[in-house]
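To keep things clear, I will list the structure first and then write my remarks on it.
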Amino acid sequence: MDSSTIISLFIIGSILVGGSILLSAFSSRLGIPILVIFLAIGMLAGIDGLGGIAFDNYPVAYLISNLALAVILLDGGMRTRATAFRVALWPSLSLATVGVIITAGLTGIAAAWLFGLDKIEGMLIGAIVGSTDAAAVFSLLGDKGLNERVTSTLEIESGSNDPMAVFLTITLIAMIQNGQIHLDWLFLVHLIREFGLGVILGLGGGWLLQQVINRITLTNALYPLLAVSGGIMMFALTTALEGSGILAVYLCGFVLGNRPIRNRYGILQTFDGMAWLSQICMFLALGLLVTPSDLWMIAIPALILSLWLMLVARPLSIFVGLLPFRNYTTRERVFLSWVGLRGAVPIILAVFPMMAGLDNAHMYFNVAFFIVLISLLLQGTSLGFAARLAKVVVPPTASPISRVGMDIHPENPWEQFIYQLGEENWCVGAALRDLKMPRHTRIAALFRDNVLLHPTANTRLREGDVLCVIGRERDLPALGRLFSQSPPVALDQRFFGDFILEASANLRDVSSIYGLEFAGEVDGELTLGQFVMALLGGGEPVVGDNVVAEGVVWTIAEKDEQKVSKIGIKIADDPA
């Protein structure tokens, strides 16, 4: 390869990446998922598009995709909070195992019939498209305001269900090559090894990497590079030992994100940019790999298979997988059924048969690509509407426009949050002494018209003021309500009810003050929170959980870390 060819590749690559970034600004205006933009640009630059680039190097695409996926999962794991595991670990694992098997099986049966394939070949297509995609889920869920149970379930499921899909795909390819039609008992042994090594090396490697980062002194810019190189090493090492590298790198990131670590916020900021670059490169490469004209040949059966996957296979897998978990409402189950987002992983898995030289490998790839495209276009674009329809959205709270970690010590949890006030903020005009700041938070600085003020308790806030608040991550919900864009009472009443009460309030006192009548005798020692938790029937509660009893809708309005702190109540026949 001469220098002119290398320069040409640099120019083409920079145009594709830069164009993807610039065009991504239109995705929200058009209501199209940003990942579709990246895929479309790759397809336009490909052999059937305006660019005319002939790219059919499957090993290179596989290399790029795996490297990108490792970075995306490392970043996603680091942003997954431990509270998410408390809320949705076991349901998510059920969906990541039983759910994937059901989805793959039902999809495989339909694929075999639609494309006239052997049952084992149909099952291979089902395995390829059987898992949801972490890149798509992390990208599309960020600003939708879903309740914690739904968000946690989707994030953990997408981060942990790829190993099952990978394992099924590799197993079925080997069976086709060897002429097998039945699984043997070694299937279970290999499955346990995949998950076991993934969990052990992921958690152990994450802990070891955290210890190294905290014990070595480096320039701040090098800590993110050390973290990402360590994560990729865990991915590669686990894969080399025939474990699940995908699960290992996700858990490695989870450990780093939930333990004290030096330069946490520098690492997170760098990871954010690296994850976006990884998504762009991965979807561009996969878009280049496909020949769009070939998709028309399988369009009708592939469309039918896509709809079967979305409307039959995925819903059945959700309802069966969540059968033991009674704390999921029907609305949540229906929403989870619809949001089975497919993304890069099915396309990457579709490369496996190409590299193995199977007879119908090109068809498998085209079908997987078509299903991903339909999933992103239909499910991705309708995600917000479906969430509102299923009523799994909770009232939003204001987020800081910027947050910076105060990395004085790895154990230091303090951060600086920046809030800017607009005319719609309810606290504009209020004196600082009237703000009910969360305990252990302080307003460190107040800027007005780009001038640093020296505020007193009597200083009144104005539109355009910028507040610098010192606090901890757990203070964000309370600060968000304090600086929300509409009066909190009106905002909360629309969702939580007419009255929002302390969960520690005595139930008998509440019934007496508000004129509530109970069919039975009220326990004098029972608090409002205990009463509602008993009605909900167990499980980890989340904000927005509600239950109708005694003619009243009881809704969890606020949680303080793991404890319910406020309950909303309204008459049951009152319109929401």
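Glycine is treated like the rest: Cβ placed from N, Cα and C.
Copied from Swiss-Prot, the annotated features are:
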TRANSMEM  6-26  transmembrane segment
TRANSMEM  30-50  transmembrane segment
TRANSMEM  58-78  transmembrane segment
TRANSMEM  95-115  transmembrane segment
TRANSMEM  122-142  transmembrane segment
TRANSMEM  163-183  transmembrane segment
TRANSMEM  185-205  transmembrane segment
TRANSMEM  221-241  transmembrane segment
TRANSMEM  270-290  transmembrane segment
TRANSMEM  293-313  transmembrane segment
TRANSMEM  334-354  transmembrane segment
TRANSMEM  367-387  transmembrane segment
DOMAIN    404-485  domain 'RCK C-terminal'
Exercise for review: Using Cβ atoms only, state whether the transmembrane segment (185-205) and the transmembrane segment (122-142) have three or more pairs under 8 Å that are 6 or more apart in sequence.
Suggested key: no
**Study point:** Residues from the same chain, set at least six apart from the ends of the transmembrane segment (293-313), whose C-beta lies under 8 A from its own
**Key:** 48, 102-103, 106-107, 110-111, 114-115, 125, 129, 338, 340, 362-363, 366-367, 369-371, 374-375, 378-379
Point to revise | Long-range Cβ neighbours of the transmembrane segment (30-50) (under 8 Å; 6 or more residues past either end) | key: 12, 16, 19-20, 23-24, 135-136, 139-140, 279-280, 283-293, 343, 372-373, 376-377, 380-381
Review point. Do you know the mean pLDDT across the domain 'RCK C-terminal' (404-485)?
Key: 84
Check your understanding: Under a criterion of three or more Cβ pairs within a distance under 8 Å and sequence separation of at least 6, are the transmembrane segment (6-26) and the transmembrane segment (270-290) in contact?
Key -> yes
**Study point:** Other parts of the chain folded back onto the transmembrane segment (95-115), taken as Cβ under 8 Å at six or more residues beyond its ends
**Key:** 121-127, 129-131, 153, 156-157, 160-161, 163-165, 168, 298, 301, 304-305, 308-309, 312-314, 316-318, 320-322, 336, 340, 363, 367
Check your understanding: Under an 8 Å Cβ to Cβ limit, what residues of the same chain, 6 or more beyond the ends of the transmembrane segment (122-142), are close to it?
Key -> 33-35, 69, 72-73, 75-76, 79, 96, 100-101, 103-113, 115, 151, 154-155, 157-159, 161-162, 164-165, 168-169, 172-173, 176, 250, 275, 279, 282, 305, 309, 339-346, 349-350, 352-353, 364, 367-368, 371-372, 375-376, 380, 383
Check your understanding: Counting Cβ pairs under 8 Å to the transmembrane segment (163-183), which of 221-241, 270-290, 334-354, 367-387 comes out on top?
Key -> 334-354
Check your understanding: What parts of the chain pack near the transmembrane segment (221-241), using Cβ distances under 8 Å and only residues at least 6 beyond its ends?
Key -> 66-67, 70-71, 74, 197-198, 201-202, 205-206, 209, 212-213, 247-249, 252-253, 256, 262-263, 266-267, 269-271, 274
